[in-house]
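A.B. asks: Under the heading region 'Disordered', TrEMBL lists 1-47. The compositional bias 'Low complexity' feature in TrEMBL is assigned to 31-42. Annotation source TrEMBL lists transmembrane segment at 84-99, 119-141, 161-186, 192-211, 223-241, 313-334, 355-373, 379-397, 404-422, 434-451, 472-493, 499-520.
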Amino acid sequence: MNTPSPEQHAMAEESPPLQALEQEQGEESRLLLPSSAPSTSSVGLEIEDDRAYESSQKIAVRDFQLDDSTDYSATPPVFSFRKLWLFTGPGFLMSIAFLDPGNLEGDLQSGAIAGYSLLWLLMWATIMGLLIQLLSARLGVATGRHLAELCREEYPRPARLVLWVMAELALIGADVQEVIGSAIAIQILSRGFLPLWVGVFITASDCFIFLLVENYGVRKLEAVFAVLISTMALSFAWMFADAKPNPKQLLLGLLVPKLSSRTVRQAVGVVGCVIMPHNVFLHSALVQSREIDPQKKGQVQEALNYYTIESSAALFISFLINLFVTAVFAKGFHGSEQASYIGLANAGRYLEEKYGGGILPILYIWGIGLLAAGQSSTITGTYAGQFIMGGFLNLRLRKSVRSLITRSCAIIPTIVVAVVFKESESSLDVLNEWLNVLQSIQIPFALIPLLTLVSKEEIMGSFKIGPFLRRVAWAVAVLVIVINGYLLLNFFFSEVKGVLMGFGVCIGTAMYAAFLIYLVRHSNNNKGESWKWLS
């Protein structure tokens, strides 16, 4: 019989500790794996991870100049146009919400009724919108997760379900306006041959175009949006050149603040249209399309620097487009009898009557620009719907299924609207007012969670916003909420009639205010225990 050697005996004595160490390391490796990884035992529907982008979809960004030990204020990175080009895309997709048909209608009504006098407000409203969108991008880059996902983790189940419903309602309201805007553009370009409901069905097909282009990669999708934004810019710049607005009045409108009781409603509309709830959710997800490690502070800081430049450039272009539209209608219709009656549905006809034809009639230029605005905004709405649904509900459906669900939620009510209202311009204007109210109600449910999350060190780490920026952001949020509150009060006082309807509005307002109070209290309560007092 062979007896073990002293060396074998020593190894046998050491093996239990080695096995224990290996088991411990294996357990640590298992715990470090992301808990959201799909289970191999899942059956039924084919599923995907609920992350905004898979690793294979992200655009690689190499040669980051900053590292974790760099003093960012003392050693700023060398600017690179090549690297800026790699980060260019998400900000321009975000900027489309500033150019949707609802915003264009606000621009034309502002120009027709207030002339050039509210251009200063348009400029400052765009700057406020930029601040909010940069905070959304900061959240996405620093955490590697988007706003809807973080809301799911931050709030208890009842609260996050309410936030999800509100986000979906805001998205549907915006989508209905966008689809109707595209349908009106198709009607203009077909000279009335295609009715509104046919335009709605044509616009609905953009969901499938979106899914097709998305399969070819993020850059191809961003290129499509670049073409649509360029189309808008060229169309409305052409109109601006044809109309020849007064340069002196335009400059005074930009630099000299002026507001009268006659233009308060238009001023509220200008500010209210700037911050779209679904866009706040969208931008925090779009910035994750670049390959950035949230654990490496240098990469995060450098990405934030380039995203700030890119988003600022994108919103500057959107501001110019909005300015072009406002100036054209200010030059043509301010002080005229038609000023109070111009809306999205009849704007093309009034433009044709005022400016006539030419080599390319202004009616068709307006139709092309409006179609580009409607198509681009409906596609970004579908994109936002994916992230909102997947983030709040942790649904691991295929993105194509989520897109179809999101598109159906908006298209079905839009078809009903198109069939019921048909060609009635007054009915479409009333509908647009109600949709603006619907979106105004939802704004706090995107802003308050965003500001709550970007202020928390346990979520943002060293990238949480400081006291000064936090005060400025909350001041902007409160200002936007108060302005939209004024719009709501003004609307309800003029539209709500009857004791029963008034009682229902009062009950709804009380519940709405209670939930807002909860969100504000929660912003100072990391554990979310303030839900108890509400329930």
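Here the Cβ of each residue, glycine as well, is placed from N, Cα and C on the backbone.
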A.B. asks: Are the transmembrane segment (313-334) and the transmembrane segment (84-99) near each other by the rule of at least 3 C-beta pairs under 8 angstroms (pairs 6 or more apart)?
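C.D. replies: Yes, the stretches contact each other.
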A.B. asks: What residues in the same chain, six or more past the boundaries of the transmembrane segment (434-451), come closer than 8 Å to it by Cβ-Cβ distance?
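C.D. replies: Distal contacts: 102, 132, 135-136, 139, 147, 150-151, 154-155, 162-163, 166-167, 169-170, 173-174, 176-177, 269, 272-273, 275-278, 280-281, 284, 470, 473-474, 477, 480-481, 484, 487-488, 491, 512, 516, 519-520, 523.
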A.B. asks: Please indicate, using numbers and ranges, the residues of the same chain that are 6 or more beyond the transmembrane segment (313-334) and have a C-beta under 8 Å from a C-beta there.
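C.D. replies: Result: 91-92, 94-96, 98-99, 103-104, 107-116, 118-119, 122-123, 126, 129-130, 133, 229, 232-233, 236-237, 239-240, 243-246, 249-250, 342, 347, 350-351, 354-355.
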A.B. asks: Name the range, of those listed as 161-186, 355-373, 379-397, that has the largest tally of Cβ pairs under 8 Å with the transmembrane segment (223-241).
C.D. replies: 355-373
A.B. asks: Is the transmembrane segment (161-186) packed against any residues at least 6 beyond its ends, judged by a Cβ distance under 8 Å, and which are they?
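C.D. replies: Cβ under 8 Å, 6 or more out: 97, 100-102, 104-105, 148, 151, 155, 194, 196-200, 202-204, 276-278, 281, 344-345, 348, 367-368, 370-371, 373-375, 377-378, 381, 384-385, 388-389, 392-393, 406, 409-411, 413-414, 417-418, 428, 431-432, 435, 438-439, 441-443, 445-446, 449, 515.
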